[in-house]
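Asks: Below you'll find the structure I mean.
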Amino acid sequence: MSGRDMAKPLLGHRTIEGDPSITPAAGRTIGVLGSGDFARSLAIRLVCSGFKVVVGSRNPRRKAGLFPSAAEVTLQAEAVKKTDVIFVAVFREHYSTLCDLADVLVGKILVDVSNNTEINHHKESNAEYLASLFPACTVVKGFNVVSAWTLQSGARDGNKQVLICSDNQEAKRTVAEIAQVMGFTPVDMGCMSSASEIENIPLRLLPAWKIPIFLALGLFICFFTYNLIRQVIHPYIREQKNKLYKIPIEVVNTTLPCVAYVMLSLVYLPGVLAACSQLYYGTKYRRFPDWLDQWLQHRKQIGLLSFFCAALHAVYSFCLPMRRSHRYQLIETAVKQAVEKKMNIWVEEEVWRMEIYISVGIIALGLLSLLAITSLPSIANSLNWREFSFIQSTLGFIALVISTLHTLTYGWSRAFDENQYKFYLPPTYTLTLLVPCTVILAKVIFNLPCIQQRLQRIRRGWEKGRYVKFVLPSATGEYSSGETSSNV
């Protein structure tokens with residue numbers, strides 16, 4: 001991104017939340033202590049945002065060429081003297097090298113941008129440690145959740161946030177002004193005790209994805225083991241046939257749609273359980289159990305993993321004819337038919353079954369793709385609530401119904417064939433139908449007028465057993481008040 005583009009923050013110069021009379025103003029001098037990658041990116045972004053930047057380095061002559069020409073690179077002591085706001089872009093273990101600057105740092109605002117290598121690596125946060133070294137300064141924690149690349153390329157995402165905390169409100173407001181001018185959204189996280197939590201955020205690896213990923217892996221292992229028994233172990237024990245070659249492609253391809261189908265149904269099952277809870281207790285104000293609340297919060301991740309497995313299933317299915325084993329089986333079948341002199345092998349029922357099976361599967365994958373795309377923040381932000389709800393709820397349920405048709409078409413009449421029950425185990429697709437069919441049946445019941453109206457009343461605030469006041473006219477024309485239960 002060019003300097004001209006970086007000089008135009010996407011968010012613009014907006015007023016700070018809670019104090020509309022204050023407008024961030026560029027042009028002030030900002031200090032940066034450090035000469036690493038983050039310090040250089042920070043200096044570039046500050047310069048392109050209209051600030052005067054003074055960089056403090058222990059080797060200014062050697063480091064000057066790394067910074068933009070508009071930034072002044074000088075000794076650390078000289079840089080500190082020229083500004084009141086200083087970004088400390090050095091690692092925690094190097095904080096002690098700044099102790100010689102304690103006298104000139106008195107009264108300055110130090111912005112700590114450092115992170116640790118492990119979660120809760122130290123008893124106290126880096127910002128609190130910096131504050132203990134320089135008690136005469138005001139320390140603000142901020143900009144540690146922003147990468148060096150984001151600083152150089154600009155805040156492309158309008159929701160890019162800069163988390164800020166400090167015990168000094170005025171210092172937080174100053175740093176918030178700077179963040180807004182740079183094109184970011186400052187978020188006040190409270191006092192300095194929040195610094196540890198802010199420093200842990202960049203170190204967490206997909207915190208919202210752990211439960212869905214473990215769930216998907218658990219389902220994959222269960223279905224894979226089940227299919228392995230049916231497709232590989234059973235023919236080896238009963239017929240002494242070695243079919244281990246099926247494991248990499250065929251067994252995996254049989255497992256992936258099972259995981260995708262069940263995961264998709266698990267997206268809508270917690271909504272069914274929540275509706276049952278509201279109908280049972282007759283209120284929407286009763287808290288759900290923690291496990292159900294966590295389940296509801298992870299529906300997006302579960303849905304995306306369902307789409308991922310479905311997409312892999314489509315790719316695996318497309319590659320099935322490319323296998324050498326498949327070619328050998330085709331040749332073997334052709335030779336047997338030639339020996340038996342079978343001229344017509346067309347089976348009308350099987351042709352129609354496969355045509356419908358593939359067509360319905362393509363539609364289901366297309367709907368899942370639409371659900372996945374609209375779950376992206378950039379797309380979701382362009383939709384109003386009704387549009388988003390229609391796609392994620394209505395079209396999502398339609399995708400579940402079509403996936404059910406896809407599964408039923410695959411099974412067709414084979415569910416009643418005793419040869420399909422290997423080791424007396426039913427076909428895998430029959431097991432996958434349990435949860436989705438339960439969800440579909442519950443959705444149909446909830447759409448019955450008598451239940452739908454009651455559920456809508458509850459979600460609009462009606463409560464079972466609550467008493468409401470009413471006013472009735474008396475025989476003399478005067479009005480008298482009374483009470484009645486809202487569930488009458």
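Count begins at 1; order follows the chain as displayed.
From the backbone N, Cα and C atoms, a Cβ is placed for every residue, glycine too.
Pulled these features from TrEMBL for this protein:
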- 29-116: domain 'Pyrroline-5-carboxylate reductase catalytic N-terminal' (DOMAIN)
- 259-401: domain 'Ferric oxidoreductase' (DOMAIN)
- 211-229: transmembrane segment (TRANSMEM)
- 259-281: transmembrane segment (TRANSMEM)
- 302-323: transmembrane segment (TRANSMEM)
- 356-376: transmembrane segment (TRANSMEM)
- 388-408: transmembrane segment (TRANSMEM)
- 428-450: transmembrane segment (TRANSMEM)
Asks: Ranking 211-229, 259-281, 302-323, 388-408, 428-450 by the number of C-beta pairs under 8 Å to the transmembrane segment (356-376), which range is first?
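Replies: The stretch I would name here is 388-408.
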Asks: In the predicted model, what is the mean pLDDT computed over the domain 'Ferric oxidoreductase' (259-401)?
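Replies: Taking every residue in the domain 'Ferric oxidoreductase' (259-401) and averaging pLDDT yields 93.
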Asks: Residues of the same chain, at least six outside the transmembrane segment (211-229), with any C-beta under 8 angstroms of its C-beta?
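Replies: Sequence-distant neighbours of the transmembrane segment (211-229): 247, 251-252, 254-256, 258-259, 262-263, 266, 294, 298, 301-302, 305, 309, 422-423, 425, 428, 431.
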Asks: Going along the chain, which residues at least six beyond the ends of the transmembrane segment (302-323) come within the CB cut-off of under 8 Å?
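Replies: Contacts with the transmembrane segment (302-323): 212-213, 215-216, 220, 249-250, 252-253, 256-257, 259-261, 263-264, 266-267, 361, 364-365, 368-369, 371-372, 375, 396.
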Asks: DSSP on the domain 'Ferric oxidoreductase' (259-401): how many residues come out helix, how many strand, how many coil?
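Replies: Across the domain 'Ferric oxidoreductase' (259-401), DSSP assigns the residues as follows: 119 helix, 0 strand, 24 coil.
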